[in-house]
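Asker: Here it is, the structure in full.
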Amino acid sequence: MNGTEGLNFYVPFSNKTGVVRSPFEYPQYYLAEPWQFSVLAAYMFLLIVLGFPINFLTLYVTVQHKKLRTPLNYIPLNLAVANLFMVFGGFTTTLYTSLHAYFVFGPTGCNLEGFFATLGGEIALWSLVVLAIERYVVVCKPMSNFRFGENHAIMGLALTWVMAMACAAPPLVGWSRYIPEGMQCSCGIDYYTSRQEVNNESFVIYMFVVHFTIPLVIIFFCYGQLVFTVKEAAAQQQESATTQKAEKEVTRMVIIMVVAFLICWVPYASVAFYIFTHQGSDFGPIFMTIPSFFAKSSSIYNPVIYIMMNKQLRNCMLTTLCCGRNPLGDDEASTTASKTETSQVAPA
């Protein structure tokens, strides 16, 4: 084995020379240079400085403006809540541990940090699944006489949290475990060892199939059908120009969010899958650290995409930031009708 396994950790460094120490007790400078730990700390600080204001402001503006509290906006708000979980439960912890070059909070802190990071990532993934299903139902109209309403939106929210908990909670109760990963300053699922006493391999397979592959299949199916339907409706002019424009805008926004999610999370999932299928192989700590920390940027890009592509939210946000005055004027407020119209599409 080219790594060193302990009771609650796996360090990707051979202990032939006797230099490996517990990542819960000693700095891990034998894994990387001090400046590299400083870079990680600076990156986490940047995520906190950018992630908290963007996501908090999204929630605050929605509370302030009643016209934003529509069923189709529930899931993007859910994303903001999940991102704040990651900021407070994960990023602040990792910032502190990176400054010390080891996970100073011990196994219990590792469980909490790994739980919040996994929970936030899975809520984001399942939120995109629900968004895809919502857009598919509203635009493609597979069920006639269906009107998307608040109850459906609440059911979607519940699904995201139930599925996210089904992925993040088991390692806390004995099915797999959370351990420090990469440079040992943040924690995640144990992809590195078989660990028979916690049935580690079965959990990793379950997670990859149920909480990664199946959601992506659903997303691609829904958007494949959606793109086909929008193009067909536009060609046949079956709907009003206003409705078609609204559907295209919202669809474009969600597709960009999905692509951005894949760019951030597929590298992490791919590296994790490689490590899982090549346990004991030789790889450096940076091999897992870079995809892991890159994936954390999802807490920033999702709200940015939503704000930039949702004219109504952007208009309300500018009004809030500018103390009740919108420097762009009220022209964009006219998008309210087009945005909400898609939630009450008439039967096909």
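Glycine is no exception: its Cβ is also placed from the backbone N, Cα and C atoms.
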Asker: When the topology given in Swiss-Prot is taken at face value, are E232 and D282 found on one and the same side of the membrane?
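Answerer: The record shows them split across the membrane, with topological domain names that differ.
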Asker: From the disulfide entries in Swiss-Prot, identify which of C185, C187, C222 pairs with C110.
Answerer: C187
Asker: To the nearest whole angstrom, state the Cα distance for the pair K296 (N6-(retinylidene)lysine) and C187 (disulfide bond).
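Answerer: It is 12 Å, counting Cα to Cα.
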Asker: Give the number of CB atoms, excluding that of E201 (Zn(2+) binding site) itself, located within 10 Å of its CB.
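Answerer: Counting Cβ neighbours of E201 (Zn(2+) binding site) within 10 Å gives 17.
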Asker: Taking 3+ C-beta pairs under 8 angstroms (sequence gap of 6 or more) as contact, is the transmembrane segment (111-133) in contact with the transmembrane segment (203-224)?
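Answerer: The transmembrane segment (203-224) and the transmembrane segment (111-133): touching, yes.
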Asker: Excluding near sequence neighbours, so keeping only residues 6 or more apart in the same chain, what lies with its CB under 8 A of N15 (N-linked glycosylation site)?
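Answerer: Set apart from N15 (N-linked glycosylation site) by at least 6 residues yet with Cβ under 8 Å, we have T4.
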